[in-house]
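Engineer: This structure is in structure tokens; I'll ask about it shortly.
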């Protein structure tokens, strides 16, 4: 959640952020009113409790004649203190509920508007050209006997798939390539849980506007995560971190699950938008003063991956109205998909400032000895969807695919993915 002090001292900043997002400003007014009521209720409770304590001392010192009256007054005060405490607790809960309805305050410079109002940061790499009619990734995958959508649907339903043979090897190679880069950069690898408690899912901000995209196991009251960001954010919940040596950085590898609610009819062909996939997620805990620099660092790691995979891509600064509730700024990295004649998102990186840490109780101790919320950031370093861009970008006329040089060590030195028919004919 946002900093209550910012809400109290600068509600105009919160209102401006809501306007950039195209979101309700009434929730800000409601939170300001709830904060005022909480402070009034707490002041009343503390005043009555102090009066109760003072009367208790008088009873101890009173003579016999005055004690009955003073004891009666103490009993009356006790009832009033109990009632005031309940009102203070109710006011605290109301404030917490109101604060949780306010998304993160966007960072200066984030473009206003919705999904189509992003700002271009840069375009990198020449778009691939072909002297033949390029095939889409699913057709290539079928030629390679690498992707099986039919059996995925037979076993699990729409938007499920099998990666087979070289398809499975390609995904594992891609993930291992990302992991090697993460290790090189000093990130600590984690295999994360894919089932988390409601308070962790809510703490990361995934039970707000996008709650309908999350799978829930009703009998166990656990959520399936759509990204290891959730488990990585929860890893240090209710802890005080030592950032004296710099940021704490992780790379979480997990299977991810998404309902893809609201995407009916979109990307029904192939593996661009599926219910289950693999993802390697970077996650950083940093001093809030260093958060924007860390954001650029994560983006640079993602761009290096794109370049080494030989992909043409662009970076966009996502508009405020297209940000999730936790993000104060998000960069999307979109690769060129030849058969769609369009850029499609392959990865993103978000600066969540202290929003998630406040919800999850994750703090660090500053030089003055005081504790305060850390900043959290995340970004994807490899995921299943990248196979789409790799297959389409590096395809050849005979249905084979050139393996990007950087990926070859993770495929046993393989330089070309050959059509299954060609291999069978040998």
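Including glycine, each Cβ sits where the backbone N, Cα and C put it.
Positions annotated as L-serine binding site by Swiss-Prot, on the basis of sequence analysis: 227, 228, 229, 281, 380. Per Swiss-Prot, ATP binding site is recorded for 258, 259, 260, 274, 345, 346, 347, 348, and the stated evidence type is sequence analysis.
Help me see these features in their spatial surroundings.
Structural biologist: Residue 380 (L-serine binding site) falls within a strand segment according to DSSP. Within its own chain, residue 380 (L-serine binding site) has 227, 279, 280, 281, 282, 302, 346, 347, 348, 349 as residues 6 or more apart in sequence whose C-beta sits under 8 angstroms from its own.
Residue 259 (ATP binding site) is surrounded by 17 other CB atoms, counting those within 10 A of its CB over all protein chains shown. In the three-state DSSP assignment, the secondary structure recorded for residue 259 (ATP binding site) is coil.
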Engineer: Residues near the L-serine site, 227, 228, 229, 281, 380 excluded, by Cβ within 8 Å of the Cβ center?
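Structural biologist: For the L-serine site, the extra neighbours are 230, 232, 252, 254, 256, 279, 280, 282, 283, 378.
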Engineer: Hey, what's the Cβ neighbour count for residue 228 (L-serine binding site) at 10 Å?
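Structural biologist: Its Cβ has 28 other Cβ atoms within 10 Å.
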Engineer: At a 10 Å cut-off from the C-beta of residue 347 (ATP binding site), count the other C-beta atoms across all protein chains.
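Structural biologist: Here the count is 28.
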Engineer: Tell me the Cβ neighbour count for residue 229 (L-serine binding site), meaning other Cβ atoms within 10 Å of its Cβ, over all protein chains shown.
Structural biologist: 29
Engineer: Could you tally the C-beta atoms, other than its own, that fall within 10 angstroms of the C-beta of residue 260 (ATP binding site)?
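Structural biologist: Looking across every protein chain shown, the total is 17.
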